[in-house]
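Taken from TrEMBL, the feature compositional bias 'Low complexity' covers 10-21, 29-40. The annotation compositional bias 'Basic residues' is assigned in TrEMBL to 173-183. Positions annotated as compositional bias 'Basic and acidic residues' by TrEMBL: 187-199. Feature annotation from TrEMBL assigns domain 'ALOG' to 51-178. According to TrEMBL, the region 'Disordered' annotation covers 1-54, 173-199.
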């Protein structure tokens, strides 16, 4: 009998300890569930960022990191157009656009028949869009439009030079679309003149 009582008491204590452990586990789960419920409304209330806004945030963070990595580090308040120009040149190493050098046999050819050793660069259109996003981000972070380094005239000159250089090297006339439109308008006008004369 005594052995049976011992077994019962041992079994009871083990079941009590497991029940206590279960209660303890439940008590820890409740705050976690409450936390998740509290977090859900805030995340649901915050609308997801658009593709443009997400890219703008990434660009701004990348530029900020670039300034921190300078020796010595540069703060945003000290940033000027020279830092922006250096940043654009730094980004060229990650470019995917083939820009033919003057000595290359494919210079000025839009569709070269074979690969060459000319460097890859950031495309002019990508840099232009990047500057637009950074210019907006600078002002959103409290910067003044008058002191915005991304809106400096030197940046516009640099982008124009990149555009012209890449157009020549790659044989891509950027004004091609505008010429097509003007030719269409001329054709319509000529047709209108002929109709007037015939009537």
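Each residue's number is its place along the chain shown, starting with 1.
Cβ coordinates are placed from backbone N, Cα and C, and glycine is handled just like the others.
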Structural state census, the domain 'ALOG' (51-178) (DSSP three-state): 79 helix, 4 strand, 45 coil
Integer mean pLDDT for the domain 'ALOG' (51-178): 92
